[in-house]
Amino acid sequence: MTEQRPIAVLGGGSFGTAVANLLAENGHAVRQWMRDPEQAEAIRVHRENPRYLKGIKIHPAVEPVTDLLETLTACDLCFVALPSSALRSVLAPHAERLAGKLLVSLTKGIEAQTFKLMSEILEEIAPQARIGVLSGPNLAREVAEHALTATVVASEDEELCERVQAVLHGRTFRVYASSDRFGVELGGALKNVYAIIAGMAVALGMGENTKSMLITRALAEMTRFAVNQGANPMTFLGLAGVGDLIVTCSSPKSRNYQVGFALGQGLSLEDAVTRLGEVAEGVNTLKVLKAKAQEVGVYMPLVAGLHAILFEGRTLNQVIELLMRAEPKTDVDFISTSGFN
């Protein structure tokens with residue numbers, strides 16, 4: 001089904017561009033909004049986003065634009081791919097225009113000042129809008145290169161989920177639905193922290209046993225925290241949980257993994273982020289997650305360890321020693337064992 005009105009993608013980064021291309025390839029007119037007029041002109045002229053997706057041709061049906069008000073007026077369905085630090089400031093001035101719109105967040109981050117997820121910010125800005133999130137093991141370049149990929153659209157609004165499935169589902173991109181918006185979105189935000197740890201481990205030459213341990217203990221930490229916050233633990237066994245965690249912690253294409261790898265090579269955090277040239281949400285998420293875990297009393301040793309390295313002056317060897325000497329806990333402690341007695 002082709003949408004009668006154009007579809008908006010807000011954000012000129014790598015994943016926003018990949019989603020814009022998918023929509024256009026499925027026969028939809030797309031308005032991709034970005035702040036930078038030079039970036040918009042480069043895409044318009046060269047049909048490529050050289051800064052974020054170099055070498056990927058942009059479909060002719062993707063129109064790069066810089067007028068946000070006009071874009072919101074023209075489009076009913078909007079995919080929001082703005083950095084977590086910018087989402088509120090960009091959209092709040094246009095709150096009235098968002099009423100009744102279908103807003104689907106693509107951003108895997110947490111607002112530092114409030115610990116709100118992106119869909120919660122959208123809900124706060126535009127309470128009359130219909131809100132969803134899209135999350136999963138979706139590396140932007142692989143999506144753009146048509147690697148076989150699956151994702152999850154999550155909302156309690158079934159019609160919104162069906163609309164998103166209809167416009168995005170294609171021969172290489174499969175869209176599943178979930179009603180656990182909070183769990184799907186939280187999983188996407190939390191895993192970025194562990195990708196930094198995984199990148200560091202690889203740069204330091206740690207073995208496959210270590211990488212496997214990190215991923216599985218990361219899943220335990222994520223799920224423990226998510227259950228404390230009210231999410232469904234089963235969500236973390238799906239694409240938006242363990243699926244996203246595996247790809248982000250295993251692939252050099254992952255931005256957060258790249259930051260961790262650079263740190264493992266001896267670069268400072270500032271230099272690692274500068275070398276990346278894009279937003280790595282995991283760095284910001286780490287700060288707020290460490291504070292929140294302490295506040296609510298959730299045991300997250302990997303989060304605490306990475307925070308100690310990046311912000312408290314601890315060395316990696318010191319943190320490893322503390323982690324390995326800590327009292328062993330149960331392996332899977334977020335599922336009730338009452339049925340096994």
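One is the number of the first residue shown, and numbering goes on along the chain from there.
Keep in mind that glycine also has a Cβ here, set from the backbone N, Cα and C atoms.
Taken straight from Swiss-Prot:
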| type | residues | note |
| --- | --- | --- |
| ACT_SITE | Lys191 | active site, proton acceptor |
| BINDING | Ser14, Phe15, Arg35, Lys108, Ala140, Arg255, Val279, Glu281 | NADPH binding site |
| BINDING | Lys108, Gly136, Lys191, Asp244, Ser254, Arg255, Asn256 | sn-glycerol 3-phosphate binding site |
> If you run the three-state DSSP split on Asp244 (sn-glycerol 3-phosphate binding site), which class comes out?
Replying inline: helix
>> Using only C-alpha positions, which one of Phe15, Arg35, Ala140, Lys191, Glu281 is spatially nearest Ser254 (sn-glycerol 3-phosphate binding site)? These are the recorded positions in the record.
In response: Ala140
> Taking every protein chain shown into account, which of the recorded positions Arg35, Lys108, Lys191 has the largest tally of Cβ atoms within 10 Å of its Cβ?
Replying inline: Lys191
>> At a 10 A cut-off on CB-CB distances, which of the binding-site residues Asp244, Arg255, Asn256 has the highest count?
In response: Asp244
> Residues near the sn-glycerol 3-phosphate site, Lys108, Gly136, Lys191, Asp244, Ser254, Arg255, Asn256 excluded, by Cβ within 8 Å of the Cβ center?
Replying inline: Pro137, Gly188, Asn192, Ala195, Leu245, Val247, Thr248, Glu281, Gly282
>> What whole-number Å value do you get for the CA-CA distance of Arg35 (NADPH binding site) and Asn256 (sn-glycerol 3-phosphate binding site)?
In response: 24
>> Can you give me the Cα-Cα distance between Gly136 (sn-glycerol 3-phosphate binding site) and Glu281 (NADPH binding site) in Å, rounded to a whole number?
In response: 15
> What is the interatomic distance between the Cα atoms of Asn256 (sn-glycerol 3-phosphate binding site) and Ala140 (NADPH binding site), given in whole Å?
Replying inline: 13
>> Tell me the coarse DSSP state (helix, strand, coil) of Ser254 (sn-glycerol 3-phosphate binding site).
In response: coil
